[in-house]
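Undergrad: One structure, as structure tokens, below. Some questions next.
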Amino acid sequence: MLPRQRLQQRILAPTNCTRILTVSRNFSISSARASGLIRRHGALRLRTQMITNSYPASASLFSTYTPLRKQKGQGFFDENVEPLSEEETKANAENKIAEEKEVSQAKSSSSESSSGNAGQGAPEGPDSKGSAAGGASSGSGSDGSGDGGKRGRKPGDRALAKPVVPEIYPQVMAIPIAKRPLFPGFYKAITIKDPNVAAAITEMIKRGQPYVGAFLFKDENADDDVIHDANDVYDVGVFAQITSAFPMNATGGEGTSLTAILYPHRRIRLSELIPPRAADASKGTATAEPTPEPIPKPAEEASPKGDVVASFEESAVTPKPDAAQKQYEPTSFLKKYPVSLVNVENLAEEPYDPKSQVIKAVTNEIVNVFKEVASMNSLFRDQISTFSMSQSTGNVMSEPAKLADFAAAVSAGEPAELQEVLSSLNVEERMHKALLVLKKEHVNAQLQSKITKDVESKITKRQREYWLMEQMKGIRRELGIESDGKDKLVERFKEKADKLAMPEAVRKVFDDELNKLAHLEPAASEFNVTRNYLDWLTQIPWGQRSAENFGIQNAMKVLDEDHYGLKDVKDRILEFIAVGKLRGTVEGKILCFVGPPGVGKTSIGKSIARALNREYYRFSVGGLTDVAEIKGHRRTYVGALPGRVIQALKKCKTENPLILIDEIDKIGRGYQGDPSSALLELLDPEQNSSFLDHYMDVPVDLSKVLFVCTANMTDTIPRPLLDRMEVIRLSGYVSDEKMAIAERYLAPQAQDLAGLKDVDVNVTKDAIEELIKSYCRESGVRNLKKQIEKVYRKSALKIVQDLGEEALPESEALADEGKAALEESEQKKDDAEKDVAAATEATPEETTEKPRVALKVPESVHVVIDKNNLKDYVGPPVFTSDRLYDVTPAGVTMGLAWTQLGGAAMYIESILQAALTSNTRPSLEITGNLKQVMKESSQIAYSFAKSMMAKQFPDNQFFEHAKIHVHVPEGAVQKDGPSAGITMATSLLSLALDAPVGPTIAMTGELTLTGKVLRIGGLREKTVAARRAGCKMIIFPEDNMSDWLELPENIKEGIEGRPASWYSEVFELIFPGLDRQKANQCRVAKDKKSDSESKDDSE
């Protein structure tokens, strides 16, 4: 039986062929064999009509047999008979003579061919080969039938058979598709990983039946080649042809996978799923495939419907009776594979009116969107060009359904949206859904185009600048205006070096490096290293010094303008200037200002530089752990730089600047070295005349530099480094000094910063005193400055609120440039809602140098801040009392302590824990967060007090039975130091003698076991703290008498200083009117039991 074919051209059958071509078992024949179908007394004419959804590419042949076709209501050849043309009639007449000569040979050949078809399963001949590209078999027909067919054929009679796709294919193998569905008319490549599915596809191609059903997975993450449940996929898919299949490279042991190219032909609906398990169960009962039937007589199969009509004068083979026919399924051979088979039915589009205005409008809109997307996306442009050049498209306006499929096929929409387009059989509805998907693609294309333009504009600007610079260099080089860049660089370095007074050793290094630079290629890596080194070498101010001002009066004026008090610092600077005035030159010095925070250590350095007319450079070494910050990096390192001192010389451009090294007591140490040790060379007057930086590698003279260091304490500064510096201590300010500083400096600055420079805002003296007394008791004035600024800020807010917006309109505050910038900013906010990226960048139009002007406050405004309303501005007082005790009980004594914030009054309390009896045992408990030195000092004071009581008051016996608890208040603060020795001893003695100490007496001094009072430090700060606490007498070691005499009179005013070298002197000052007889009485109470025993003994 012949396969049913649709041929695009007519085939003239030569009459000299003697046998009918054998049909292969896979039901496909080649075009050469199709041309060999002949009969002795007639010509075979085949007519083909192209279906509308076919593609110009080659397609596979499909074959079936007559009984199956009759069951569906159609014959195999059901085409209308078309009359022979004149050319065909002429060709038959010419071949008639040749046919008569070969009748006998043709009969024998026909009988042999008929017997061969009936006796075996019709395997394909040896010369036939399966085509993977189109699924059609091809062969040369090397047997007798092929030779006979070629003898009588003219070259012009050759015609190729056009393979066609079967209209009805009720059962196909189903392949699930992920991510996006397939659309009719548009290729899609898929990868088959399941070896069983790949083997089934290979056999389908060999059999010439490369047809599958492609259905989209509902789950986007699903990945399988077999459908196990019909609910896993959408029921509407496509009937697709496998145009080609390529095995994948064997990676990781996978050699059975293949890549298949699918070409969808039409829409189908899944009606029933035959899962792999059902196919496996029916595998054992599957019957053998029937042998294809020979070509029947046309009289038996003629039908008014069909595509192909064959005409024969006599039949070569008699067909088998219908009763003997067995039921045949084209896909029965697939049941031996565990693949998914489905029963499908074709879906036809609903009829539509081509002249519908809605369809035309939507079609035009789709075409317009295509044009817009194509202008922005080159990939779309290529796809549209391919679609418009396709032979099957024709006019897109006349095929709206195909246009909608194309729009969905090329758009990157959501899988569900694309599936809706595929499932829509109503053309108008399908076009609306396709337009929606295409519109989203248009929005994405617009965003992508904008991002691309933004990036290209930035890149284009840089490229343009680069090319213009290169062209400018080339033009200058051609005109001789500019020589080679390297030569110009060498000349520039020589000019800079000639202006400097380089030492001879440095000049030699410079010449060597310059000579090396001249012989290096600019592309060499060493070129940039050498150029950077020469650049640094010529930027150090060799021999360049600023003219210093040695005027004493000028220095005093400048220092007094910036700072109040600080007499020690000012005297040292004046000494430095006087020596320079007499010598005519001055060497660098190393000064170290030590004092609590906020006393002006850092700001005094800038004032000194201004007084001396020197350049000023400051850098902090707090937390510094890298030696390279001081001495620089080696030049071999990438990104190497000199140390901070060399950078200071480069910035100041003089050899004699003032360099302030801040926070030198907080310098760190890490694995990169110890920076404090590196400072030893820098801050040593005997060594810094030839300071060697690692990067420069030449000696640099730093002896003309005035180094000023600052620290809060000297305890953490290494001793060798501290020994190289001249230490000047800055103690805290007393109330009088704070008042003067606030009136002269802090209040005017705060008023100006608050915008109240010309406004009548008066902070009274009483208010400032209250601030100093109740809010700012620290040694410095930093906190006082913050509080005064807070007062003026609150005043500014009150003025603005009282006057209202009418008196101070916002429109008058904006300058013309500010108004333009504000309008541009508001416009950008509106645009930012549409474009998020635009809101992150400020355009030049939005910014201006001076957007606002100061508003003038009316002269009628008057604000007064006094002691009474100060709480409204700064809140309730922090310190409510000067002393903890107005009247001190026995055992409580006021001591004085030094802290980083200055001095502080420190009370020591002693109590008796239990009643004194003869049975109690003595003990001492100490609390108050005391560190080791202060704990030892308390033990010494306890031992000394017991010794003194035993010598002077032997009958008292207090310490022999007393359980004592000593406490130092403010336990959250760590306390250490030996200066509280006499204070602790006084507290214990006051408890033992039951004699209170005066509340206005404060003391400080270290005590030894023999009663010697030793020297202490920080007497100035302690005196300030004692005055702040309202003390009238201070007892201090006699060795500190020189420090007491150096104190300013305003600090000592109202305080009596009493030195003491032994504790006996302190005892006489504290307990001047002590009744020694009463103090010598025994304070131990006898218990009743002991009294009765003593009574019995006496009797």
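The backbone N, Cα and C atoms fix where each Cβ goes, and this holds for glycine too.
Features from TrEMBL:
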type     : residues                                                       : note
BINDING  : Gly595, Pro596, Pro597, Gly598, Val599, Gly600, Lys601, Thr602 : ATP binding site
COMPBIAS : 132-147                                                        : compositional bias 'Gly residues'
DOMAIN   : 172-442                                                        : domain 'Lon N-terminal'
REGION   : 82-162                                                         : region 'Disordered'
REGION   : 278-325                                                        : region 'Disordered'
REGION   : 810-851                                                        : region 'Disordered'
REGION   : 1079-1099                                                      : region 'Disordered'
Undergrad: Would you list, in sequence order, the residues of this chain other than Gly595, Pro596, Pro597, Gly598, Val599, Gly600, Lys601, Thr602 that have their CB within 8 A of the centroid of the site's CB atoms, where the site is the one recorded for ATP?
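TA: Once Gly595, Pro596, Pro597, Gly598, Val599, Gly600, Lys601, Thr602 are set aside, the remaining close residues are Phe593, Thr710, Asn712, Leu730, Ser779, Gly780, Arg782.
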Undergrad: Ten-angstrom check, please: count other Cβ atoms within 10 Å of the Cβ of Lys601 (ATP binding site), all chains counted.
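TA: 26, counting other Cβ atoms within 10 Å of Lys601 (ATP binding site).
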Undergrad: For the binding-site residues listed here (Gly595, Pro596, Pro597), which one has the lowest count of neighbouring CB atoms within 10 Å of its own CB?
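TA: With the binding-site residues Gly595, Pro596, Pro597, fewest surrounding Cβ atoms within 10 Å: Pro597.
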Undergrad: Taking each of the binding-site residues Gly598, Gly600 in turn and counting other Cβ atoms within 10 Å of its Cβ, which one has the fewest?
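TA: Least crowded of the binding-site residues Gly598, Gly600, by Cβ count within 10 Å, is Gly598.
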Undergrad: Please identify which of Val599, Thr602 has the densest Cβ environment, defined as other Cβ atoms within 10 Å, among these binding-site residues.
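TA: When each Cβ's neighbours within 10 Å are tallied, Val599 tops the list.
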